[in-house]
Each structure stands twice: as structure tokens, then as C-alpha cells.
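Chemist: Got a structure for you, questions after.
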Amino acid sequence: MRAAGVGLVDCHCHLSAPDFDRDLDDVLEKAKKANVVALVAVAEHSGEFEKIMQLSERYNGFVLPCLGVHPVQGLPPEDQRSVTLKDLDVALPIIENYKDRLLAIGEVGLDFSPRFAGTGEQKEEQRQVLIRQIQLAKRLNLPVNVHSRSAGRPTINLLQEQGAEKVLLHAFDGRPSVAMEGVRAGYFFSIPPSIIRSGQKQKLVKQLPLTSICLETDSPALGPEKQVRNEPWNISISAEYIAQVKGISVEEVIEVTTQNALKLFPKLRHLLQK
């Protein structure tokens, strides 16, 4: 394996998505050719846990697994709903089964979009599901890979209240001032290729110190073009845009963000050296 410091780490992607069922080998080969050294594969629901673990075996040391229960469950767009504690109860025994092989717990978090969490009860149940998963991560000494759509401040507040330490806030959509509260708590923020079409993400990157930034694609979502399948090799778009905003070289962005990923995910260094 190449030295951990020289390649790109995609800190958040959905390789178990049906979008990749037909050509995942090709997609991953393209990523390797684009100097991607690790893909952090996150889960949304218990139904994809086995698939993610199988991918991590098949692409050992390249696809690194995270298991967790996302705040939005069900299939888009018609059947999506806010998470319940029952969803978590189904997932927990499977997570326990694989705990020693996990890089992190994720994708977990809060999603207060009105169509998913229109009531106080739904928001509270999301909070309870997140609290239990933060407690699980702490017990297993694992980082958390976090979703916070329309819930930036409540998510950061809850993470702090629960004493979460190693935290990645993926594709953060809140205000830079709220993100800076996360920076002060030692959290990292991962930036997807959709930054090239998002004024909010561009403002965020201007404010965030490079030492708090990681790279992600969120593949197959959040690509450079809307409605076009995103792929891990597009991660270079994030690196290039951050370099442009910060007025530094792409090489420096890659080096620092990969070092950040190694700090965030302690198991990563060992896995990259396999």
C-alpha cells in the first residue's frame, strides 16, 4: 500500500447503494487510478449492513466499513420517514456482531427537514436514536460519522452534551458560525464535490481552518452535477476547490485532509499499511 500521507481519503460514501450494483469494480478501479487510498463506506439502515461488511472483505484495506442507523429511513422519495427506536433495536445486535471490524459508527445524526421531522415527537425520537448510537460509539471507542441536515446546531449541541470526541460532520449545511462551534469542540467537517454548485458550502470552507477539513463524496449523491451519479474519483474536485478558496496547492489540501482523516479514524493508519 502507498504511504498513507500521499493519497486521498473519501471519508463518507454509500458504496452499498443500488446505483453501484452493476459496476462497482469499475468505479473502485477508477478511484484507485485517481489516487484514492481509502473509501469510508457508511450505512443508513440495518438492511445494508451485511452488504457493507461483504464489500469491506472483498476490497480489504480499501473499503472501510461504518455501520449505523440514519435519521431518515425508508426508500426515497415516497417511503421515507423519520427513524424510530424500533429501527435501532433491529440494528444494534448486528453492529455488536461486527464491532471489532468497524472503522466508525455511521451514518448517524439528526434530520429536521420538515417533511421528515414535522413534529416534536419525531425530533425527540431522532435525538434518542442518536444518543444511543453516540453511547455505543463511546463504549466501542469508535468515531461517529454524522448527518445533520437542517439540524446543524441541535446536532453539535447533542454531540457535545453526550461527550462525543471523534466526530465527522458530513456535508454540513448550517451556518459557518455554527460550524465554528464544532471546530472548537475538535470536530471535523467533510466537503463533497457539490461544493462547486453550493454557495453555502463555499462560505463554509472559507471559514473552516484546513486542520478541521476532510474530503468526502457522499457517492452516489452530492456530485458536481445535479441528478448525475457521483463517484469516489470525483473527490479530487473537492480538493481542487478547497485549494482555490484557500489559495494553497492541491497537494497541501490532500496532505492535510488525509492527515486529518488519520486523526479522526485511528484505525485507518493500520488499515492503510496492510
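Note: Cβ is positioned from N, Cα and C throughout, glycine not excepted.
In case it helps, Swiss-Prot gives these features for our protein:
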- His12, His14, Glu107, Asp218: Zn(2+) 1 binding site (BINDING)
- Glu107, His147, His170: Zn(2+) 2 binding site (BINDING)
Chemist: Can you tell me how far the Cα of Asp218 (Zn(2+) 1 binding site) sits from the Cα of His170 (Zn(2+) 2 binding site), in Å?
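Modeler: Between the Cα atoms of Asp218 (Zn(2+) 1 binding site) and His170 (Zn(2+) 2 binding site), the distance comes to 8 Å.
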Chemist: In whole Å, note down how far the CA of His147 (Zn(2+) 2 binding site) lies from the CA of His12 (Zn(2+) 1 binding site).
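Modeler: His12 (Zn(2+) 1 binding site) and His147 (Zn(2+) 2 binding site) have their Cα atoms 10 Å apart.
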Chemist: Cβ within 8 angstroms of the Cβ centroid of Glu107, His147, His170: which residues besides those meet this for the Zn(2+) 2 site?
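Modeler: Not counting the recorded site residues, we get His12, Val42, His70, Gly106, Val108, Gly109, Asn145, Val146, Ser148, Ala171, Asp218.
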Chemist: Cα-Cα separation of His14 (Zn(2+) 1 binding site) and His147 (Zn(2+) 2 binding site), in Å?
Modeler: 13
